[in-house]
Amino acid sequence: MELIISILLMLAATVGANIIYSFFPKIPLAFYQIGMGFIVSWLPQFDQFQLKPEVFFLAIIAPLMFNEGQNTSNFSLKNHLKTILSLAVFLTVVTILVVGVFLHQIWPALPLALAFCLGAIVTPTDAVAVSSITENFHIPKTMLETLENESLFNDAAGIVALDLAINAFNTGKFSLIEGISNFLVVFFGGIIVGLLTGILLVIIQLFFQQHFFNSTTTILSINLLAPFSIYLIAEEFNFSGILAVVAAGIIHGIYKKRLRLTSTENQVALSTMWEIISQLLNGFVFVLLGVTLPRNMIELSNSNSWNSEALLFLALSIYCLMIILRFLWNHYGLVKKTKRKTKKQLRNSWIMALSGIHGTITLAMAFSLPLIFKKDLFPFRTNLIFLAEAIIVISLITPTIVLPHLLPQKKRFFTIRQFNKLLTNMIDYAIQQLKEEKEVDYLTMGQVIATLHTQRGRNSYGDSKRISQLFQKTLNLEIKTVNSCSNKGLINSENAKYYNFKLMLNSRKMILNPWSRIKIDWKILKNIFLNSKIYLEVKNHQTSYLEDFKVMEKIGFRAIINYLKKSRGDRQKDIHILHHYYEIRHQRINQPQKNSNIRELLISAFQYEYLYLQQAAKNKENPRELIQALSEKISTDQFVYITSDN
């Protein structure tokens, strides 16, 4: 029972860190999580806190690696395969050997096999932490993709190497030829198992999706169990469970991308579920670091081994050694990152070196070290965990301080006047193309053109964060208003639940705040599991729902417009954009003309706008950031005009 309470407290600390980060996003999230862990570590529940090592691989690493695999771009993998192998395999092996030998020379009492264990533990990098630290700075896209791909595969390579090092320590013998052959068998065996089980996973999901109308709950359950099942199957055959999970995740990611436009509800539910799981597990591990760090320091101070100050210096030395290795590996052409000029190679090499941040997987691997060795406590376990924790903290602090001096800060490379001018030209081009190529009645075309003209707005370029915050308030207001009418018996309660569910489903991409996104994602998942039968019943009685639908939309619309009219302050531009969104939504739902022709014309218009941007991008006078901003505006407008009547 105490273990369950401890885990719940750490999950609460994870959520608390996310809340604080929402208000103060300039400091990377990992620091808040470590700090929250440090605070809860003084509670009595954590005096004897201990998690079994096998729990980390199965319950934490397996789902995280599966999610990383399914979010990996297969296009990027194909184009950067040599770079990935160089960083994730060859550099990993070199780092393990160099760190292991260095550590054994400095600390002869530590067996060489355990020194290699630490080398394997500290090689995995954390691309999520890199993105968090460089959020307000411009890092080249190719470099960021390289770091993400490296993170995925050096995690797996490090875990396999750790397994071999622990086995060598347990048996007391190690053969180079046998070690290499075992490594290859475990490595490729895991990949083969992952590919086969990944294909099977896709086939099962396709079967349920094609043969059962309401398959969302089943597909979610299959996805949730997949990483654990695949890991256990691979381990049963003595292959790498982690590599199997990664390979299966990549296969599943390819399937997910190909079906992105079909089964929207399943896709949204799946991405929502994995987003929540990934954020919670990543946060949980950093909270655990904060929980265990002070206790390890106390334990080390009471032992006859190295004290914490000496180990901190040793951790700093190992970190510096790894930074030098990464720098040399990048600087002397062993990694092809970007086609940069020679004068920028030095800076790029330092960026790549400092971006080798260690995080979730490193800590999880450290805690996966066995507790028992030959009926006694596993030697040097606390020391190795403390070294890993110290290296993680150092690898977070150093780039947080140094990278801002190497990377340019993100800034707007265009003026509002440039934005509005290109926007006007883009809309005029789309309207002209519609007139020339589409033959529809005058009234329908007039409505579409009028709608496109409203894209200009009074000030088309609003503050996306403030619009998102305001949108969240109006969303909550509409849900509350509909629920109130349902409680009074004015509308059917089941129709109200389905209407609110569709509101949340269609609106989640407009929520930018991480904590708010987690809350709405949790509500969506909870509604899917609790109310799936109700939603199916509503779908089967569309006539009844459509009658209530217009009533609910009208009630929600009035409440929102009244709220926006009362809003004051310096947000009038953002209020106008949101006001316009709801006006358009209300108009499209209640207009007497058929929506299908208008919808088709609007889709064509947006395609013409994208086509215009492609041509405009070839003009060097148009900054890339301007093209990107307009592209984002088209995406937002598609949300407004195409999904507002769902």
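Glycine is no exception: its Cβ is also placed from the backbone N, Cα and C atoms.
A quick note: this is a predicted structure, and the numbers were derived from the prediction, not measured.
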Where TrEMBL places transmembrane segment among the ranges 110-133, 350-373: 350-373
From 32-59, 228-255, the residue range that TrEMBL assigns the feature transmembrane segment: 228-255
Highest-contact recorded stretch vs the transmembrane segment (276-298), from 183-208, 228-255, 350-373, CB pairs under 8 Å: 350-373
